[in-house]
């Protein structure tokens, strides 16, 4: 049985900030289970581009919820929250510490704070939203949304396909604006004594890490990975299609650009995404500890000390 006396650790932060490696260190120090909180790494596609931990790293500590769904299956925050709750309960039952790590902020908020009680949207309506968006284009779809849900249309940028579709699905299925649902009290949070660590590297260092990691992915075979993925001809609106670097490397493979240009564009896209993630975590997540400096042995020792104090402190 879970309660607020049961401890759990969250490691959040932007891409390339060092979350996965730190999670393994914490798991080995405290007898933990690493639970994936990254929406791309849930799928069993594009392991290099999604920065899924390598098999050697995963062998160092138990890892859960990595590559557990095909890329054609959607993993909403509610679905992930339910899967994570089961893994956390199993960890506690085994006397182990759940360590949730990833950059999908909505996943982490879902498990820590709960979700607005939006009813399950029928797949037929979800499919209709995707079809309409593909046929109409973002701008026209945004205008159509404004007629049915002006509140969300005002909040959303026309370039955000996924959120536009979500807003349309909700108002179509429920007759209420997504904004109204989001104002409802949240439900379904996992009761735990949370220790949340946010990695927030200084931007020059984070951007350098983004670039060096992507170039390492290319060296390790990301082009072949994308070639094989493109051969599957999956629907273009699947979330996995937004894996950082996929579009740019696919353009190179199609002869639309040279490799250096593709890599530069992918690195820029990764930096942009990391910047957005960092901003989101700074404003949306209440952190027990924020670490901005380089992940040195000294800093890791400090993190271990803070976690140990948290584990020993009764609620």
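Backbone N, Cα and C atoms are what each Cβ position is placed from, and that goes for glycine too.
The stretch that Swiss-Prot tags with region 'Interaction with substrate tRNA', taken from the ranges 34-37, 38-41, 42-45, is 38-41.
Feature annotation (Swiss-Prot): of 152-156, 157-161, 162-166, 167-171, the stretch labelled region 'Interaction with substrate tRNA' is 162-166. Other than the site residues 13, 14, 15, 16, 17, 18, 19, 20, same-chain residues with C-beta atoms no more than 8 angstroms from the centre of those residues' C-beta atoms, the ATP site, are 103, 199, 201, 209, 274.
Neighbour counts were taken as the number of other C-beta atoms within 10 angstroms of each residue's C-beta; across the recorded positions 15, 104, the minimum falls on 104.
The most densely surrounded of the recorded positions 19, 126, judged by C-beta neighbours within 10 angstroms, is 19.
Across the fold, the C-alpha of residue 14 (ATP binding site) and the C-alpha of residue 104 (site 'Interaction with substrate tRNA') stand 9 Å from each other. Residue 14 (ATP binding site) counts 26 other C-beta atoms within 10 Å of its own C-beta, drawing on all protein chains shown. Sequence-remote contacts of a segment are chain residues at least 6 beyond its ends whose Cβ falls under 8 Å from one of its Cβ atoms, and for the region 'Interaction with substrate tRNA' (38-41) they are 50-52, 66-67, 75, 80, 101-104, 107, 239-240, 242-243. Compute the center of the Cβ atoms of 15, 16, 17, 18, 19, 20, which mark the site for substrate; besides them, the chain residues with Cβ within 8 Å of that center are 13, 14, 21, 51, 103, 199, 209.
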